[in-house]
Amino acid sequence: METIRKAHDSFNGAIGASTFGRIFRLEGSGHEQEIKNTKFTTEVRAGLTTFFTMAYIIAVNASILSDTGGDCVCKDPTGQDPTCAKNQDYANCVQELHRSLITATAVVAGFSSFLFGFLTNMPVCLAPGMGLNAYFAYQVVGFHGKGIISYNLALTAVFVEGFIFIFLSLIGMRQWLVKIIPVSLKIASACGIGLFLAEIGLSHSAGIGAITGGQSTPLDIAGCAPQYQDATGYCQSHKMTSPTMWIGIFCGGIFTSYLMTYKIKSAMIAGIALVSIISWPRGTSFTYFPYDDAGNDRWNFFKKVANFHPIDHGLNALDWHVSDDASHFVLALFTFLYVDIIDCTATLYSMARFSGVVDPETGDFPRSTLAYCTDAFCISIGALLGCSPVTAFIESGAGIAEGGKTGLTAMTCGVCFLISMFFAPIFASLPPWSTGCTLVLVGCLMMRQIVNVNWRYIGDAVPAFVTVMFIPFGYSAAYGLIAGLMTYTALNGLIWITKFVTRGYIVPDDEDHREYWTIKPHGKLPWFVTAGHSLTSRFGRDSDGKQDGGSMKSSESRKHFRDESKGSDQELETVVVVPRDEKVLRKF
């Protein structure tokens, strides 16, 4: 064992000291921004972990998008079957569409993750986003194309969205939006995403099936076998008796946690692999291939082991006849825009914070502009392959928790997705209960940041709590952050109005504990803000060419804040305290 360990360390040392190691700033590379405790084998292991936790997207995304019918044409001359639910020719086309989307999803996820990791050196993987694909399929296109616009026109909206994102990233808008979000809300969004991950891990579609929607309550205990579920998935009886749920809990959750307790490397991969292998044999009560239509279909696909299906449907299927349904096209485009920009921006920042690369002084992470542009470019590439919007995956936290800190993690995951194109039957057959508890464990690790929320001041605590609560309950990182921002604006806006009206006499007793916040965050501002400052300063100079007092005070204030915040572990945590007896209206 000692020989193996030495060989392992020697291999990592050689890789780290090479040009390859210097490019990715591995430990021992000698780079001035070398990332501590990074090793090549650790990054590869982390990438494998992320891939296994994300592999479900291959099957799930294809299943959701195929419900739209894609570019299949529904022909029902009798008018008795408008959705072609009983049309065999249409069903065969949809089945071929499903196979094509499996390949397309693997290609998009592999290409996007590899490119993102290579260009940004961040351990974040990209793939067609859950939630966004459901909105695309069921709200925009509709079941078998009965929505507001066609599948082809919806892909055009996604394609255009990507280029709008690139423009917003280049001018600095997306980076600026992240910086002006209050610190506690940014921390809360990461914690909320952790709870969101745990909720996904406990659900039926991508987890162990311990919870489901209730009839008289929003959520209810589940964990029953399929024969005891109604059409909505609600357990009518035999709750918490499902063998698959308990296998996921003990062989996936408890076993993985036990290995993590002893710092065993690849603990998450081991748990996922153990549950999957146990669930593959047929004839058991917990098999992933039961003897029914769905199970037989999975089994027939699984038996192929190695199989490549070309993208026959959805490839370059964009429809540019926007004028035929311009209003609905614009509605879909802007909905994709505001949901995706908040969702992806919040997720990227949360993953950057989780991996420890956020600069406490600027509130930004390295290569942020390139990261946002790459994400936007991949959205358009995904549309060309027939997929819904691509976004940063919160499952990347699994690889980060496994020790991933560089782009090699994302690149490894991307290579695995590209390989999975040829082994789609294997990777599409990982049962959801094999990865469910892994997502719960990652959620647990992400929740550790909750102690950094400013709970001392109600104006920061309540919006943060709303964000943490609404992300999992609203099943959306975007809408959770929107809810937190609205709460923050309403609450702190009323406090500011009260102070302004009373000339600073009525203020909260504990306001000295509030976090500093400004619409002009420190660090590099986007060009459209600095251009406005430059224009204003030209008109605000005196006859000697010197800046007026207000500008000097603003400059001194920003300099003072930067000096005070250096060395802090939290961004923008400096609080400016003014004695109450001076009755000075404090700057909000």
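Every residue gets a Cβ built from N, Cα and C, even glycine.
In TrEMBL, the annotation transmembrane segment applies to 183-202, one of the ranges 183-202, 263-282, 303-322. By the Cβ criterion (under 8 Å, sequence separation of 6 or more), the transmembrane segment (148-171) is in contact with the transmembrane segment (369-394), since 3+ such pairs are found. Residues 52-53, 55-56, 187-188, 190-191, 193-198, 200-203, 206-210, 244-245, 247-249, 252-253, 256-257, 260, 268, 271-272, 275-276, 279, 350, 353-354, 395, 397-398, 401, 468 of the same chain lie 6+ residues outside the transmembrane segment (433-450) yet bring a C-beta within less than 8 angstroms of a C-beta in it.
Same-chain neighbours of the transmembrane segment (244-262): 207-210, 223, 268, 270-272, 274-275, 278-279, 286, 431, 433-438, 440-441, counting only residues six or more beyond its ends whose CB sits under 8 Å from a CB of the stretch. Between the transmembrane segment (101-120) and the transmembrane segment (481-498) there are fewer than 3 Cβ pairs closer than 8 Å, counting only residues 6 or more apart in sequence, so the two stretches are not in contact.
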